[in-house]
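Features as listed in Swiss-Prot:
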COMPBIAS  1-17  compositional bias 'Low complexity'
REPEAT    152-186  repeat 'TPR 2'
BINDING   E247, 328-331, 379-386, 411-412, N419  ATP binding site
DOMAIN    297-432  domain 'Fido'
Amino acid sequence: MCTEAEQPSPPAQQQEQGNPPLCKAQNPKPARLYRLVLLFVAGSLAAWTFHALSSTNLVWKLRQLHHLPTAHYLQTRDEFALYSVEELNAFKEFYDKSVSDSVGASYTEAEQTNIKEALGALRMAQDLYLAGKDDKAARLFEHALALAPRHPEVLLRYGEFLEHNQRNIVLADQYYFQALTISPSNSEALANRQRTADVVQSLDERRLESLDSKRDALSAIHESNGALRRAKKEAYFQHIYHSVGIEGNTMTLAQTRSILETRMAVDGKSIDEHNEILGMDLAMKYINASLVQKIDITIKDILELHRRVLGHVDPIEGGEFRRNQVYVGGHIPPGPGDLALLMQRFERWLNSEHSSTLHPVNYAALAHYKLVHIHPFVDGNGRTSRLLMNTLLMRAGYPPVIIPKQQRSKYYHFLKLANEGDIRPFVRFIADCTEKTLDLYLWATSDLPQQIPMLIQTESEAGERLAQMQSPNVAQRSSILEFYESGSGDIP
């Protein structure tokens with residue numbers, strides 16, 4: 001029974017039907033609504049908890065994949081052999097969303113100005129191209145690319161110009177690929193890539209076959225050949241000189257040779273610069289004595305290699321994984337807590353059955369990139385990665401490849417492109433260096449009239465004059481070698 005104070009004023013219809021009046025305290029509507037809200041909240045919490053628990057493993061894997069090149073960097077089977085199809089699809093959605101978010105991000109005022117100017121230059125370049133003024137069009141295309149190097153429209157149109165006007169299908173395909181990594185839904189870039197991808201792959205394969213032919217020609221020269229022995233000795237000095245030079249060492253080639261031959265100090269140079277050269281010497285001797293003949297390369301081998309690289313510079317850090325976070329330009333390597341896992345994965349990849357089916361140059365270049373991307377050490381990552389690359393090449397019958405220090409900017413540019421999604425330009429760069437090294441060996445051991453391969457030049461006129469010389473005599477050979485040893489200039 002309701003008290004008088006609780007009595008409501010029921011509608012007349014309810015009273016006529018004889019239904020007893022409801023008290024406010026007995027009204028079921030608020031209680032029912034309250035129960036529904038509780039059920040909804042509980043259901044939402046349960047669904048969220050289930051989703052979080054079921055996706056924890058995938059999220060952890062995605063976090064680990066952030067630290068190593070993804071399928072957009074390397075071949076899918078290189079990195080995703082341990083993941084299911086569902087996880088791969090989830091990662092693809094994760095990647096595509098992150099790309100879309102980055103494309104949709106707001107630009108700074110300066111970036112907006114550059115993009116506006118770049119698109120204007122792009123329209124002018126297309127008009128000039130249609131008018132037959134190819135040279136002016138090329139300069140404007142390059143200007144647009146410099147202003148907006150990651151704008152899909154600029155990459156796409158410049159790629160089309162390179163493909164159809166310059167007949168440079170390899171570089172055109174590279175720009176189409178870049179456009180797709182930035183804008184995966186770009187139908188024009190996708191159509192262009194479908195047209196060029198197979199052609200470019202065929203060209204790359206033919207290039208590798210050519211390298212194999214030159215390697216076989218070099219392998220046919222007997223070890224007792226005096227010219228070959230001299231070329232190997234010279235290449236040894238060159239390799240150390242250029243590898244430490246890439247990292248900023250200021251020693252000249254003559255000074256590097258003097259330190260290695262006499263073990264005497266060079267006036268005016270720091271102790272660290274001396275020790276960097278001696279460390280590389282120790283590491284290369286370790287490769288020749290131990291690693292070239294090994295079947296598998298292990299983490300321990302890489303640590304021993306690094307221990308020698310830093311043996312004279314920083315013996316405490318040599319052969320040890322870093323314990324702090326490092327930053328390399330725009331690249332943020334994985335944290336120290338992730339290094340053990342990533343290096344174990346790297347070791348498995350190095351010795352996997354699939355890796356053994358890769359062409360030696362591809363395999364060595366990929367190993368170089370993977371290791372430098374993990375960046376497991378405080379210092380010496382680049383030198384150790386290049387030494388590992390040459391170890392793998394030497395096991396396949398190739399000579400140690402020289403990456404000239406004058407190519408430092410290109411070297412880092414191609415590594416940056418790999419970080420952005422396309423490893424192929426870096427592999428081609430390593431193939432270029434491999435071919436130049438092979439050409440020098442073959443020329444040094446040949447008495448047949450042929451064009452002289454020039455690896456380094458100081459000025460264009462001298463480079464052209466020397467490159468045009470046929471069948472050089474002894475004096476000419478000597479002058480060319482001195483010219484090469486000067487250590488300045490660029491790869492033509």
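Just so you know, the numbers here start at 1 and follow the chain as drawn.
From the backbone N, Cα and C atoms, a Cβ is placed for every residue, glycine too.
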Same-chain residues near the repeat 'TPR 2' (152-186), Cβ under 8 Å, at least 6 residues beyond its ends:
72, 96, 99-100, 102-103, 118-119, 122, 125-126, 129, 134, 137-138, 141-142, 144-145, 192-193, 196-197, 199-200, 203, 417, 420-422, 424-425, 428
Could you give me three numbers for the domain 'Fido' (297-432), the DSSP helix, strand and coil residue counts?
86 helix, 2 strand, 48 coil
To see if you understand the setup: which same-chain residues, six or more apart in sequence, place their Cβ under 8 Å from that of G382 (ATP binding site)?
S243, I246, E247, V372
Restricting to the chain of H331 (ATP binding site) and a gap of 6 or more, list residues whose Cβ falls under 8 Å of its Cβ, or answer none.
H373, H375, K416, N419
Go ahead and report the DSSP secondary structure tallies for the repeat 'TPR 2' (152-186): helix first, then strand, then coil.
27 helix, 0 strand, 8 coil
Other than its own, how many Cβ atoms are within 10 Å of the Cβ belonging to G329 (ATP binding site)?
9
Identify, in sequence order, the residues in the chain of R386 (ATP binding site) that are 6 or more apart from it along the sequence and have a CB within less than 8 Å of its CB; answer 'none' if there are none.
S243, H368, I403
Return the residues near G380 (ATP binding site) by Cβ distance under 8 Å, restricted to its own chain and a separation of at least 6 in sequence.
G279, H306, V309, L310, V313, G318
Write out the long-range same-chain contacts of T384 (ATP binding site), meaning residues 6 or more apart in sequence whose Cβ is under 8 Å from its Cβ.
A283, I302, L305, H306, V309, L371, F377
Segment-level pLDDT (mean, integer) for the domain 'Fido' (297-432):
95
